[in-house]
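Taken verbatim from Swiss-Prot:
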- 1-26: topological domain 'Cytoplasmic' (TOPO_DOM)
- 27-43: transmembrane segment (TRANSMEM)
- 44-218: topological domain 'Periplasmic' (TOPO_DOM)
- SER52: active site (ACT_SITE)
- LYS100: active site (ACT_SITE)
Amino acid sequence: MTENIVRETSKKKESPPENTWLELGKTMVTAVILAIGIRTFVAEARYIPSSSMEPTLQINDRLIIEKISYRLRDPERGEIVVFNPTDALKAKNFHDAFIKRIIGLPGDEVRVSQGNVYVNGKMLDENYIAAPPAYEYGPVKVPDDQYLVLGDNRNNSYDSHYWGFVPREKLLGRAFVRFWPVPRVGLLTDDAEREAVEISPQAWESPAISPQTVPESR
């Protein structure tokens with residue numbers, strides 16, 4: 001009788017390791033599900049592989065893209081967005097995500113002329129671009145539920161003035177914070193860039209630069 005009791009007790013003492021592995025497995029599965037859920041619905045990290053958004057974003061900058069805002073409100077002019085390639089881009093064999101700045105909202109009329117961008121007849125005050133655009137474009141009217149996007153490095157960006165508009169369903173989220181490199185950590189603010197404002201014409205001089213037809217991938 002005593003021997004049986006001892007053996008049964010020994011078996012009970014051996015069971016916790018099995019429970020430990022089971023709990024560890026549950027924890028890992030839960031963590032993976034949470035990570036996938038956060039990346040799909042809340043936020044994700046992206047890096048910048050090209051110069052098309054300079055000087056705002058530099059090559060190898062690391063950003064957080066939040067995905068909640070556009071579930072609650074419409075995108076706004078001046079916001080930096082990440083989006084999946086449009087049908088026009090897929091037809092040109094682009095399959096990675098792009099990052100650009102929203103310039104034209106649904107219903108806007110946009111044109112680029114003599115180094116300036118005009119939205120609904122008003123010239124944008126763009127203090128964030130690398131150099132004034134050295135091309136002419138438009139006027140075009142942005143269709144419903146679509147957006148016109150341009151790179152801040154206007155003369156070195158493969159954007160809407162080449163391939164058209166971005167449907168809203170292609171938008172993945174809004175770039176709102178840079179977390180690398182450390183000296184440049186901070187929020188990507190766009191309060192001063194959102195609205196088209198009338199300003200005095202300025203004389204821009206900039207040599208034309210061939211566009212860099214490389215998408216902003218992961």
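For all residues, glycine too, the Cβ spot is worked out from N, Cα and C.
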Greatest C-beta neighbour count within 10 angstroms, which of the active-site residues SER52, LYS100: SER52
SER52 (active site) and LYS100 (active site), distance between Cα atoms, whole Å: 8
Mean of pLDDT values spanning the topological domain 'Cytoplasmic' (1-26): 57
